[in-house]
Amino acid sequence: MLNLVLFGPPGAGKGTQSQNLIEKFGLIHLSTGDLLRGEITQGTELGIEAKKLMDEGVLVPDSVVIGMISNKLDANKDAKGFIFDGFPRTVAQAEALDNLLESKESAISGMIALEVTDAELEQRLLKRGETSGRPDDANPEVIRKRIKEYNDKTAPVAGFYKNQNKFTSINGIGAVEEIFDSINTVIASY
Ligand code: B4P
């Protein structure tokens with residue numbers, strides 16, 4: 001089973017590269033950002049709570065996203081593997097994911113981190129904000145808050161996978177196809 005964690009700050013290209021990986025490897029894409037936005041669109045209680053936090057650029061509680069991922073793993077028992085996009089975003093989420101996969105006699109194959117400078121991230125997200133309708137992309141202050149949340153709470157997750165010798169970092173600046181090639185080289189080494 002190929003279980004990949006795509007890692008990087010907001011706007012690093014995780015969602016973009018996930019689309020290419022789904023096509024090539026037939027993996028199930030689990031994006032906690034997309035799942036949360038789905039809850040918001042449906043107007044569920046969870047979505048109403050999450051929207052407040054997401055619009056401010058802060059993380060939603062670990063228990064909420066862990067519960068969503070657990071449900072999705074259960075609903076896709078015959079999957080060839082998963083791409084975890086935007087999850088885990090805290091060390092507690094990473095520990096919970098290891099436990100969930102272990103209970104299914106599976107494990108993370110590796111984490112691939114996309115390295116992008118803060119200036120490029122801000123530019124990409126503001127550009128997407130012109131058309132995406134996402135409130136968290138439209139405001140430079142919220143974007144900077146998201147990058148700060150990443151540095152404070154999410155960046156330490158890299159250490160969690162480094163300790164397990166499952167971490168690889170690649171350059172996330174350049175053509176989408178070039179970056180996809182680099183990701184494939186890493187996957188071929190698993
Ligand atoms: P996410 O939806 O995960 O949003 P994101 O970090 O912005 O990444 P995304 O995948 O969308 O962007 P991508 O880099 O592909 O999170 C949103 C919010 O949800 C969080 O702030 C948080 O509140 C909440 N949340 C989600 N998961 C959570 C969790 N696990 N725990 C707690 N809270 C959670 O692309 C960005 C842009 O760059 C695109 O426009 C793309 O076209 C462009 N781009 C991509 N690659 C490029 C390249 N090579 N060159 C130029 N542009 C490129």
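Glycine is treated like the rest: Cβ placed from N, Cα and C.
Range 31-60 is the one annotated as region 'NMP', of 31-60, 151-180 (source: TrEMBL). Cross-referencing Arg128, Arg134 with the ATP binding residues that TrEMBL gives (Gly11, Ala12, Gly13, Lys14, Gly15, Thr16, Gly174) picks out Arg128. Neighbour list (Arg134 (AMP binding site), Cβ cut-off 8 Å, at least 6 residues apart, same chain): Arg37, Arg128. Counting residues per DSSP class in helix, strand and coil order gives 23 helix, 1 strand, 6 coil for the region 'NMP' (31-60). Of the listed binding-site residues, namely Gly11, Gly13, Gly15, Gly174, the sparsest CB environment within 10 A is found at Gly174. Of all the binding-site residues listed (Ala12, Val58, Val60), Val58 has the fewest other CB atoms within 10 A of its CB. Ranking the binding-site residues Arg89, Arg128 by the number of CB atoms within 10 A of their own CB puts Arg89 at the top.
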